[in-house]
């Protein structure tokens, strides 16, 4: 390195790296400095001036650097922007620097300067950031400095970096070196390597060994390139140390750093992982080589379309056939006509720019004029333009603009589309720069290219007035004769100062070339393009002119005393420069009555803010204007809660004013900011001589308020609405809300932020807004329409009822006066009961109506607690004076009937759906100004937050922001441990990256998990158990059936959207311990469903009606938590057969009836019926009410039995021992071979648990023996494990002997006889069709056919009937019964009552011992386990689940009589 010019010798000992301790300051603000390039410097380290070093680093740190090895410090620089607010808003670049040597420096550096070598490539990220801030400054030149902001920084160590290189880079490089290494020779021919045929020499093929060697060389080259970098930045282009082209000397394609973790820039360590990615080159210039390193900082971004190769250089007329049309960007005569300027306007000459004279269309012969097109000439505006009627084009057929109609000195102006500003534009970017005390609310901003079309200069006074939307149709505004006279000035205009800014987005026409050469048949087929430029207006000014969509801007003209105007641009410049609005002698202000401005506690803060507002700037106001004052409500209530006097009161006012004025900064979202509104009543100007002489007001009634001379009077209050937030961003302008920003947002050179965030508006909010707009409209008030009383009800708290109502009022500018019924009840109950409660309620309502009954909505929260009889009368009186009353409740049943009768509209707010949850999350993120990284998908987060309401979703967002802060702090602590220097969170933010700047997906996942864990009990959010298919051993056929039943409605909901029924009820039955509950949990986990587990006793309640209400609440919670699984364990205790219980009140029967009613709606095709799956588990399905088993309820019955093979038992053992440390000699197959086939899943679980317990006991015994055998005597077990225990003493391994020993002690939970009983129950409920029926011998399918068969003595079951569990459905093979009619005698059947019945004489008479038979559904009772010849089944099911066999066993023979 050559530092001799600045006094640093090459023999000077290198200084070691700085070790910063606690002396670093965490809250240091950036310092303004200048960055310059020096061609005489070498290396990649810059030089820092001495004054900057003293300002950035502490003295002790500088002393440590002087004795270090290399003396390298690290700073972060960013382009200077006037809109700086925080470190996160800038794109910082970390660079290595050294301090300027002072001993032998012949040339002194400039003050606050950073010098960098011209050949340094570490400035690439800074150049990119500089190009985004100012597109004209995307490169640096030597000895020309740029303004920057600089901070000291401690670099973060990188964990992983991804380096992208071109695919087959070394292979192509070797081929080039082989072909051109010796240059062009005669032996190769005159065409080089290409002969006369034009074919190149074939490249040699690479073997696998050559490819491996090439990969090693490439890895070494990348490592060498990275080793030369002190700081690695994402996006850096690294030149690879490979030979250049032998002939062109072009360097090989470089490597690019595509991604870094955990931050976007930092230090390389020995532990940093380097991931090499080989990608194909993209784009037209993908094969272009990297420019030389010396010219890297001088390059300018080139357009890819500017390629002048032979293949692409052709004119528009020579376009190749078959290609798509090329769009060209030209300026046409239509843009000239849009200026609407007259012949006397001095801005016409500026429109004749060179752009309008260039045409890129192919030369063609002119078409003969005919039809409509014959009327269009060169003077007619282009069709599709903004003003295409030709009125202002002299010579056109539609123009009446002639020399006789021209008015000198007055131009037509130009129409602009209005864009509202969200924050103030700094004065530093304006030219000419306005004074600091000028009113920023009277500034408008346009693109600098449109100033000439208006006819003014930047900083001039212009007049603005509302205009209509320009018509796209050229004949839309066509009029004839005298009807086309231009209207006179309406007088509703106001003067503003206009400033031109560069870099604003401008719309220009783009026309496609007509390649076909055919003539367009009509003008209407031309695509309409809107070319209206934009004007950026402050939101308060926009609200004072009634929020127009378009504005007409024209230059100000000043009349002389004799009434004639003075044309001429020079005179216009003199008048504009000399004229200013008149000063106001006296201004009257009216306080707009709002709940905030009427609060007595906030009055001192309100007037202190008003004083600060008018003293800080010379405000320009007009009679009727609205003025907004920001007030910090929290600080105002805290500071002015008591009475202050003297100096302390003035200090409190200063605190309130300054914090209120700073509300539009980044901390606006952390404080509650309110706005108080004042209306300008009367403005009296100081001088009226000019107005008397000219007879007109040349300034539109505006005047300047000078705080030194103007007398201000606050006279009374005004009742009116405030500006609505729809289409107006005054909340961001006044600091009520924070402007949302993304991770990759970069500051703009003009500082304009005009894109309002798109908030998601729920349909209920729109409905309430429409109702309030209609109720408060002047027409409704004039006609005396009844007021609107809206009730918002929900079953859960914090669902957002009051928030929706408040936002609906804010949308249309209506005041919201909240009243908490609990406060009313508390104050009234403490002072006299219902009478006082009524008086407090009326007093609060009367206070709200002071703000205007026609523009105030009364919001009563928790109205269900106002149950007194006197409240009904009070509410009726309140409604007589109000226009809008909104009440919220979570228990609508407790609201008195008198109040319910007054309600006109009632809306229910349920738990938000997935799309609604996504909208709530989006609004919460936007309002808090939280940056989201690219990997965050709010839709997936909404999917994981089922059953959470609006309050919980907002808490999730806040928890995610807190998780980001904790993550950054932990990253700083980890970097501190690695480097040994002090690292702050600010250093992580300076390093940048998505993870540092924004909230990541991992932060949201942690927030969702924490929210579910902390709020599950309070809000009833169901928990998803962590059980998967791997935890369920065996049951493969059951898993397949579940996937078919549940997965199809979840993945293809559109199939069921139009009424198609789906099977959402599943019943698991079988012996106890076979995994029914475990399988239900696995369903919820595998399909990402929420999980409810309902036990029978939870539904019972001693009060009448409450048990059924509990059933309704369970299913309502399940619908709110969709997609959800409701699991009824031991269903036979919840829904037994009706009529068999002995309870006097019939509670169980009512529970069953309510359960049946709820299950009917679960599988419907309605909009809100899907997404809930009901699963029941029982050991005794024969005890269930038969109505539960019909299709549409529990229509899918799955039997879960014991394993019938040892291989299935081994599969279950493998699932149970997944987390066990098994001995290598253990074979689970051998263990399973020794087990009986009567073991259930629970028995196998007990076997594994006992085996593990025996292994632990054996290990504990061995440790005790080892302790007792110690030479120095026994020690405590804890001391042994802390000091003497080895790895073998801690690890517990289960051996095969442990399993065998556990098996010897294990008693099966289900005996073989009980398993036979469950198998018979299974045969009762299941039937398998093993053979297809012959259509000719099919069983009777109608009731009439069955009755005829029975009456004729025939068989209702054919010979080739389907088999039931192996038994043929023949008189000799089935022991069944047909309810009330038994065809085969001698088969005892036990009835529901437990009595045995027999058939007599083969005629189907069913005789009971009690003299009565049980028929109908009750005859499907439980079967006796002791009867060997029991009836097997009453229901038959084919192999195809969709083919149903008609059951006729419930029919009776009408010819028989029951005895």
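Placement of Cβ uses the backbone N, Cα and C atoms for every residue, glycine included.
Keep in mind that what you see is a predicted model, and the values were worked out from it rather than measured.
As written in Swiss-Prot, here are the features:
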- 1-28: region 'Disordered' (REGION)
- 1-13: compositional bias 'Low complexity' (COMPBIAS)
- 14-26: compositional bias 'Basic residues' (COMPBIAS)
- 316-410: region 'Disordered' (REGION)
- 327-348: compositional bias 'Low complexity' (COMPBIAS)
- 396-405: compositional bias 'Polar residues' (COMPBIAS)
- 1070, 1071, 1072, 1073, 1074, 1075, 1076, 1077: ATP binding site (BINDING)
- 1357-1459: region 'Disordered' (REGION)
- 1391-1401: compositional bias 'Low complexity' (COMPBIAS)
- 1402-1413: compositional bias 'Basic residues' (COMPBIAS)
- 1421-1443: compositional bias 'Acidic residues' (COMPBIAS)
- 1444-1459: compositional bias 'Basic and acidic residues' (COMPBIAS)
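Structure coloured by features recorded in Swiss-Prot.
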{"residue": "1070", "record": "ATP binding site", "contacts (Cβ under 8 Å, 6+ apart)": "1076, 1179, 1199, 1200, 1201, 1318, 1322"}
{"residue": "1071", "record": "ATP binding site", "contacts (Cβ under 8 Å, 6+ apart)": "1179, 1200, 1201, 1202, 1240, 1310, 1314, 1315, 1318"}
{"residue": "1072", "record": "ATP binding site", "contacts (Cβ under 8 Å, 6+ apart)": "1179, 1240, 1242, 1309, 1310"}
{"residue": "1073", "record": "ATP binding site", "contacts (Cβ under 8 Å, 6+ apart)": "1240, 1241, 1242, 1243, 1309, 1310"}
{"residue": "1074", "record": "ATP binding site", "contacts (Cβ under 8 Å, 6+ apart)": "1200, 1201, 1202, 1240, 1241, 1242"}
{"residue": "1075", "record": "ATP binding site", "contacts (Cβ under 8 Å, 6+ apart)": "1032, 1035, 1200, 1241"}
{"residue": "1077", "record": "ATP binding site", "contacts (Cβ under 8 Å, 6+ apart)": "1127, 1129, 1177"}
Query = Which are the residues of the chain, 1070, 1071, 1072, 1073, 1074, 1075, 1076, 1077 excluded, whose CB is within 8 A of where the CB atoms of the ATP site average out, their centroid?
reply = 1068, 1177, 1179, 1200, 1240, 1241, 1242
Inquiry  = Going by DSSP, is residue 1077 (ATP binding site) sitting in a helix, a strand, or coil?
reply    = helix
Inquiry  = Which secondary structure state does DSSP assign to residue 1072 (ATP binding site), in the simple three-class scheme?
reply    = coil
